[in-house]
């Protein structure tokens, strides 16, 4: 009887573990940060969030993933979130700077899982604030994109307190002194030629003893205004996005998202989950 009870307990634990793990999808390669299995977001909303989180990963090494499920299928959301986090390895292995927002639509539940490396800045109380102030109010009005956009902005602002944007990922700007110097050097020959031509014209036609020569209509000079259609082909087209004035974090993109019809997951093919880990810190809630 004793052994039978032990067997049943072990079987029950194994079955529960299997049922939970069966929901965890295979890790996407390259990494996809917005995973909407419940299809509550539009394609444009997914692309906007994906680009935002991809730039966050690229500039800070912090990784924030969103997983939206139709249902928990009887699983406990915080346990499932921890398993999902570990299975995908969200964050960098040597930093454990990952975050996961797990949403279950039919169960109306949510959980924020925090990696080991961020639990000092994204504390359980801070994660609970995000749930109460950003996620719940918007989700109750079916504003899933707005809730996730505001929540990710807040979490990103906290995460960079521990792992700020890396200097070597900032856009390189040309040195102004070198640009001016090289521009002047390139203009010197043209200035010299123009000066010689002007001197010759003044000596030939501008002296008082010479009259302006008569030019017949057949040989009349014709002048054109500069073609205004020939515009400078070099222009600055960097779009800056300031997500939240209350945080010091901002990101930028050189791509015009309005003309980007391709899947955002292909915009940065070298992104991948870095093997981060979590000890179960975070917060849960429902709406």
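Numbers run from 1 along the shown chain.
Backbone N, Cα and C atoms are what each Cβ position is placed from, and that goes for glycine too.
Note: TrEMBL annotation is automatic and uncurated.
Checked against TrEMBL, the range among 167-186, 187-206, 207-226 recorded as transmembrane segment is 187-206. Using a Cβ-Cβ cut-off under 8 Å and counting only residues 6 or more beyond its ends in the same chain, the compositional bias 'Gly residues' (273-287) has close neighbours at 27, 31, 61, 63, 65, 77-78, 81-82, 85-86, 88-93, 95-98, 100, 107-117, 119, 123-125, 127-128, 130-132, 135-136, 139-140. As a summary of secondary structure, the domain 'TPM' (34-155) carries 62 helix, 24 strand, 36 coil according to DSSP.
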